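Notes to accompany the following structure.
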């Protein structure tokens with residue numbers, strides 16, 4: 001407290017006592033609506049000590065101080081508030097009349113007079129509307145939302161969970177709209193309690209974890225304790241569902257003990273009572289009835305200190321249940337009847353099913369079955385009056401509706417933001433469009449130029465590849481031709497060799513002329529083949545005959561083929577098909593078009609066969625590989641051995657198919 005006074009002194013240095021009191025009064029008001037009663041109490045005490053007894057602010061400060069003590073000393077606080085209320089009425093101070101009716105509502109709720117509590121909360125709204133009106137919508141909505149939460153709590157205690165949900169969701173909606181974290185926190189706790197009541201434990205746990213985080217963020221110690229206590233209750237319910245759940249038991253006690261320590265620090269007898277009751281319930285759940293009884297005795301002492309009839313009735317009910325566990329049925333019956341009388345005085349029907357159940361179990365143990373049946377019927381009737389079959393569904397529907405409306409609001413806000421941005425963008429669109437067109441023109445020109453360059457490079461690369469392949473074919477042909485000339489001279493056929501050289505020279509001139517071209521007309525390729533076969537026939541004599549045939553469509557058409565692509569196939573037919581046969585053979589070259597407009601060049605021989613003529617079956621023909629590489633995906637090379645009726649090999653047919 002000494003350190004707090006130093007802070008206040010530093011904060012108010014240079015002010016008059018009256019000015020200091022006004023500043024502290026504003027602080028009290030802020031903490032009052034934030035629900036931070038400890039801070040209200042500290043600032044109100046300091047301000048009262050500084051002020052003059054005749055000061056107008058004295059009444060306001062007395063109000064704040066009395067309200068901050070409501071949880072611990074409700075009756076004495078109510079007497080002070082009643083005296084201050086008369087002063088507010090005389091001055092027609094609508095602002096503080098709104099505040100004081102809020103406090104009256106809290107007192108009547110605490111003492112179990114729920115009807116009077118709701119009436120005071122509604123009066124608080126009326127006075128707030130009169131005072132703030134349209135001058136301060138933020139403050140007005142803060143007060144209205146706070147009353148909605150209070151009405152929600154009262155309806156919850158009256159077991160009207162549907163109405164409680166409606167008011168809590170109204171408050172939450174206002175809190176989100178006007179950025180009121182304290183109101184939001186209270187609403188979340190109320191909704192979490194309703195979820196917990198209907199055993200929606202996972203949803204409730206999510207709500208209370210959210211409340212725990214928010215209360216830590218805004219430093220609301222009271223509601224942090226409430227959130228911790230409720231997390232403990234959730235784990236307690238899990239213990240009750242599974243008595244062997246040790247983890248839930250320990251977690252439950254941890255939360256309750258932490259919340260109890262916070263309540264003791266704040267000297268909040270109401271919260272202390274609730275926490276001792278919570279701890280007793282944990283012990284009852286695991287059948288530690290003696291430990292539970294100790295906690296309940298402490299709870300009853302603090303309920304007396306709080307002067308709350310409602311709390312005393314609730315603790316008495318818990319003691320009755322505890323004595324059932326201790327097998328002290330006479331005492332259980334006595335306490336249950338006492339709690340039943342208190343419940344009727346408070347017009348609180350919420351505990352009736354539980355009390356009737358305690359009496360039914362107690363009389364069953366006493367073997368007084370007539371009374372046991374009587375209380376069982378009373379219990380069923382009380383449950384029917386409290387719960388309808390669609391209550392849970394309605395509450396879920398309300399929560400879903402709220403979430404939907406919240407999402408819709410978010411969508412509307414986003415839509416409005418998008419429309420604003422769109423309007424701003426339209427102002428810049430003209431310049432952006434002009435700049436974009438200029439950029440697109442440059443990019444388009446660059447793209448076109450780059451594409452043409454790439455196509456040219458691809459074409460040049462293809463041509464280079466063809467030239468390299470031809471460079472591999474030409475030496476292949478030259479080697480074989482020169483080898484043939486050499487053989488003629490070795491065999492003494494000089495005259496034939498000389499004629500061969502002359503024809504070969506002409507053939508070489510044709511080769512040199514065609515080497516620079518990637519594609520040549522098909523008839524030029526066939527002329528070259530005829531010249532080649534003529535030379536080979538002259539060299540080999542009667543070893544083979546040849547026949548070349550072109551269809552009329554090919555003769556009259558305009559077909560181009562890769563240069564020197566047929567010669568290696570004809571050479572293979574001669575060297576590997578005809579010559580190994582050791583008898584006269586024949587080579588047929590046929591060129592025609594197919595139905596799909598492709599060109600087919602067929603080289604057929606009646607030799608030993610393509611595969612039979614190979615010395616090494618695994619050897620791959622270099623010429624064949626070169627031709628396949630030159631064709632790529634624009635053609636096909638098909639090799640087929642020809643067989644007779646007795647499956648004897650009668651030759652080979654190689655088909656070269658070129659697509660157009």
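Using N, Cα and C of the backbone, Cβ positions are placed for all residues, glycine too.
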Which range of 371-398, 399-426, 427-454 is coiled coil, per TrEMBL: 399-426
Mean predicted confidence [pLDDT] for the coiled coil (399-426): 54
DSSP residue counts for the repeat 'TPR' (98-131), split into helix, strand and coil: 31 helix, 0 strand, 3 coil
